[in-house]
Amino acid sequence: MRSSSGGCGACVVLIAKYNPKTDEVTEFNASSCLTLLYSINFCSVITTEGLGNSQDGFHAVQKRMSGFHASQCGFCTPGMCMSIFTSLINADKSKRPEPPKGFSKLKVSEAEKAFSGNMCRCTGYRPIVDACRSFASDVDLEDLGLNIFWKRSDKNPDVSELPSYTLGGGVCTFPDFLKSEIKSSLNHLNNAYISASREGWYHPRSIKEYYELINSCLYSDSVKVVVGHTSSGVPGYKDQDLYDKYIDISGIPELSDIVKKESGFEIGAATTIARTIEILEQECESISSPNGCVVFRKLADHMSKVANPFVRNTASIGGNIILAQKYPFPSDIATILLGAGATVCLQVVTERRQITLEEFLEQPPLDPTTLLLSIFIPHWISDYQAETSLLFETYRAAPRPLGNAVSYVNCAFLGLSSVDKQSDTLVLSNLRLAFGAYGTEHAIRAKKVEKFLTGKSLTALVVLGAVQLLRETIVPMEGTSHPEYRVSAAVGFLFSFLSPLAKGIPEPGKALTSGWSDSADTDDVRNLPLSSRRETISNGDYKPVGEPIKKYAVELQASGEAVYVDDIPAPKSCLYGEFIYSTQPLAYVKSIKFKSSLASSKIIDVVTAKDIPCGGENIGSAFMFGGEPLFGDPISEYAGQALGIVIAETQRYADMAAKQVIIEYDTKDLSPPILTVEQAVENSSYFSIPQEYSPKEVGDFSRGMAEADHKIPAAEVKLASEYYFYMETQTALAIPDEDNTLVVYSSSQYPEFAQTVIARCLGIPFSNVRVITRRVGGGFGGKAFRSFQVATAAALCAYKLRRPVRMYLNRNTDMVMIGGRHPVKARYSVGFKSDGKITALHLDLLINAGISPDASPIIPGTIISSVKKYNWGALSFDIKLCKTNNTSKSVMRAPGDTQGSLIADAIIEHVASVLSVDANSVREKNFHTYDTLQLFYPDSAGEASAYTLHSIFDRLVSTSSYLDRAESIKQFNSSNKWRKRGISCVPLIFRAEQKPAPGRVSVLNDGSIVVEVGGIEIGQGLWTKVQQMTAFALGQLWPNGGEDLLERVRVIQADTLNLIQGGLTAGSTGSEASCAATLQACNMLIGRLKPVLDRLQQQSENVSWDTLISQASKENVNLSASAYWVPGQDSYRYLNYGAGISEVEIDLLTGAITILRGDLVYDCGKSMNPAVDLGQIEGSFIQGIGFFIYEEYVTNSDG
């Protein structure tokens, strides 16, 4: 994933450690991107290839991931498999009862958390959950979703139908020969200076040895002290230079000691967060007093939301606190330990000091001469009076409430409560109110609020006073994002802590502390089913087309054997590149220099615009609407524009060297940059929209407004950008070949045009450039036009240096340079009748296109096409495509349609609000009839029988129990002051447009079949559908169809010199176009093979495929057919229909959102593969949730 942050889980491996003293093996998973090689010396490492592979056979985990359709692009799948496997073997080691045969000791509740740190951008996670739950001993197999192991109609599925699982995992995690090697190497292990010291790795075994190293001539600024090395993955705190020496202090026993005292626990600073959680939970089980374990239990619960499991397995609790002490790092752990009254023990050379955590955080940043030894957490077990109760609660507001995200704000509140019998109110004492992550240098205690509350009877007025005082205390630093929200959330948390205790305030409910709605008056959403019943109908006339077969090559994805661009072995003498990009939105680039550093010494070359060959162009991207330069020269037009490429011998060297750049800018004689659509309007900075791409208005707006009973004269909707977040970032490998030719492996949705841009940049014929794309690790439109720049940059470097060059953007560079979805500002005027019928709508749209046109001129049409899903009576609009000094915005999953759909429904909701009626009644009032559908979609409405939106909507309302749920929500909202629910039903019309596509089908002499298509496999199952279509089409030679041919079909990579005119894979029509081309090619082959088959059948009725192909080869029949499918002019555009219902709950105090349920109905006609299509639908739904609720594309003031 190239994030190097441990945040995605794609690179997770299992690490097994052996203790020769106890003869025990401990297994845990970890992010390989953060794990330094020498830190796992004498460990056993198992990757997903070690679980199973195509030669030795696949493991049950891999087979079930495949069979439950749990992998799409597949880039995340190896890490998913390892997280699941690790959970299985650790559960199987427990002392739980033996499970039934074929199951693990894992529980369903644990299975759902097994991959909680693993990210997937393609699926909706549901099939991954099903694959994992299938191992759980308490699973009901009937609850599992669509799979290849049994049919949905089977009433009693059995575990024997699943790939067999052996208790314990069936894989040896630590071989005996490694154990023997460790036992014979104990002396070596105990020597701090021998252990890999030639490579700059030191492993002290005592505090004394540590200080000897620190005080020796070895120590300098290029030495790094590490335990788990996970801090290098924290955004904003990553390494800025290379280190030539590391001191690993994880082997100092005292730093991992756990000392249980009567007054609490002392935990060694090198203890991992995971181990700390385990210790706290174990102590909770041993304490009988409810008051005694409340602090430990809450601390453990909160720590389980820090980062993710595989980071917590290696990150130390001390390292987290030191990061919070040295930097303004938004640590959850520092805040909750501050609230719990923790103290720390420091070693300063020969002196030991015990200080409070508060004092520790306020000290100047530590240097290596000060060593954090341990953290002490007090018990808080009472010698208090019997009527005194201990209160402790922790809170966090974060983009992902259950972890794997940095908090916006976190809090921990501790105190003692007693009853004032005279006033019958609670009185608080010994208060500790800790707050962090809100935009502060470190966690703090709100001492003024503590003092204000202490000793007072808790009433509504006292709580109000505390809240007002807290607002004065919590002041985010300048530059903090969302400062108002952070303050509001902190206040909400304090209120939710105090209000249940205060007299006269309605209780907010447990949802405020846990993130879930688990109060007594509502269903526990944690127990809601993760997947609902689905109906899949297969048409037997076209088998295997229409069957929910598993994805092509999915086991290879699960085993890590699937080859992506970065998996291609580096050729001899391969070099690596990283972009130098501008940090200014509009400026002359006067000079580019580098700091004197270890990283900059690794630079082999810097390639700039001056290195473009004579006759070549400074071009990095292009489409029919215009191009974009590869380099900003001499002017940088936007922050993130490439200025050059650093070349080094490894990707890490190149990445680090690029960070050493010093760029001198000059803005003299330049106008201020245009960063917003408002500034673009002021400066009349627009791109033109070609007439053929301009949407058409409908009706007479003035007349429609005159007919209206009510009017909303002006209102506004704003939508921000969205980053693609494909798991595989932009990557390319360019290899020079003979006669000024190049082979470029590119992760691209459009290899054909990548070839064009590369050739134009180098000034060579297109035939000199071969672009190959096998598979793409997620695209969503981001690998269409935005992939050209990386492929062209790598090609230019390789062309200049005459050596292979690989570029694989790190996540930060990818986010800065590549762009994303178009931000849109929409102002509207709408007129409507009293019954909700809308008579006229006018839209003023401002679309931020960025610096180049890219594909932006199509966006106005797709926005309006989506808006037209309702009959507005009359529809007029004014659209400005704004040119700004930002990264170019490009196509992203349903480009324009996504924004247009929200704009349309925002208007519907606004009208319903004005009329005080249910929004659904307004929607249905403004549904199209077939006649108005033809008026709004004159070129794509199709036949009347194909207009199914009414029936879809009615079916969805019925099957989802919409009306009953809407009534229940009214009751819920009337009885809950601080939590509210809502439900909405949204229809969708998506206009699809087919594009021409090539295909070639070749039958080899042994009967195996090779298929080439222009469409690119990006996880959407295109290859799978092509495989099915090939088997069906060639199978028509026999009455029983072609299922037997399915396993003979191999779909191979796209190659721009093998199969030309491959086109762009986008717009949800790539699979059908490739299948249509494949069908044409197969029909050509059938025409050639049928006479041969007829002659053979005269001799024998049963003619096998092998016999037919053998005879055809002998008769010199051409067994390769190429086709170029072109859609008919009367049917190349058509409409897709769907609808969805979502029920959500919002916490009014913190803004936290919980999605309680989603229902979707989509008319896909006759699905070519229901399993693949279902996965696409679920994945797009989850990605939509991200865009509308959770994701945020943040830029600074320079864009």
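Here the Cβ of each residue, glycine as well, is placed from N, Cα and C on the backbone.
Where the annotation comes from TrEMBL, it is an automatic prediction and has not been curated.
According to TrEMBL, the [2Fe-2S] cluster 1 binding site annotation covers C8, C11, C33. C33 ([2Fe-2S] cluster 1 binding site) has a Cβ environment of 18 other Cβ atoms inside 10 Å. DSSP classifies C33 ([2Fe-2S] cluster 1 binding site) as coil under the three-state reduction.
The DSSP secondary structure for C73 ([2Fe-2S] cluster 2 binding site) is coil. Within the same chain, residues at least 6 positions away in sequence whose Cβ sits under 8 Å from that of C73 ([2Fe-2S] cluster 2 binding site) are R121, C122, Y726, M727, E728, R775, V776, G777, G778, G779, I1018, G1019. Taken from TrEMBL, the feature [2Fe-2S] cluster 2 binding site applies to C73, C76, C120, C122.
In the three-state DSSP reading, I317 (FAD binding site) counts as helix. Cβ neighbours of I317 (FAD binding site) (same chain, under 8 Å, six or more residues apart in sequence): I267, A269, T271, T272, I273, T276, I333, I375. Summarising the annotation, TrEMBL assigns FAD binding site to S316, I317, G318, G319, N320, D332, L372, R396.
Taken from TrEMBL, the feature Mo-molybdopterin binding site covers Q749, F780, R893, G1067. For R893 (Mo-molybdopterin binding site), the same-chain residues that are 6 or more apart in sequence and have a Cβ closer than 8 Å to its Cβ are F780, G781, S1180, Q1183. A coil conformation is recorded for R893 (Mo-molybdopterin binding site) in the three-state DSSP classification, outside any helix or strand.
What TrEMBL records for 194-382 is domain 'FAD-binding PCMH-type'.
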Cβ-Cβ distance under 8 Å to D332 (FAD binding site), same chain, at least six residues away:
H302, M303, K305, V306, R396, S407, N410, G436, A437
Work through the binding-site residues one by one (C8, C11, C33, C76, G1067) and name whichever has its CA nearest to the CA of G318 (FAD binding site).
C33
Between the C-alpha atoms of G319 (FAD binding site) and Q749 (Mo-molybdopterin binding site), the distance in angstrom, to the nearest integer, is 42
Can you name every residue in this chain, apart from C73, C76, C120, C122, with its Cβ inside 8 Å of the center of the Cβ atoms of the recorded [2Fe-2S] cluster 2 site?
S71, Q72, G74, F75, T77, M119, R121, T123, M727, G777, G778, G1019
What Cα-Cα separation, expressed in whole Å, is found between C120 ([2Fe-2S] cluster 2 binding site) and C8 ([2Fe-2S] cluster 1 binding site)?
8
Rank aside, I only need the closest one: which of the binding-site residues C11, C33, C76, Q749 has its C-alpha nearest to that of L372 (FAD binding site)?
C33
Residue from C33, S316, N320 whose C-alpha is spatially nearest that of Q749 (Mo-molybdopterin binding site), among the binding-site residues:
C33
Same chain only, sequence gap of 6 or more: which residues have a CB within under 8 Å of the CB of S316 (FAD binding site)?
V227, G228, S250, A269, A270, T271, T272, I273
Pick from C8, C76: which of these binding-site residues has the biggest number of other Cβ atoms within 10 Å of its Cβ?
C76
Can you give me the average pLDDT across the domain 'FAD-binding PCMH-type' (194-382), rounded to a whole number?
91
Quick check for you: of the binding-site residues C76, N320, G1067, which have their Cα within 10 Å of the Cα of C11 ([2Fe-2S] cluster 1 binding site)?
C76
Candidates C76, N320, G1067, namely the binding-site residues, that fall within 10 Å of C8 ([2Fe-2S] cluster 1 binding site) by Cα distance
C76
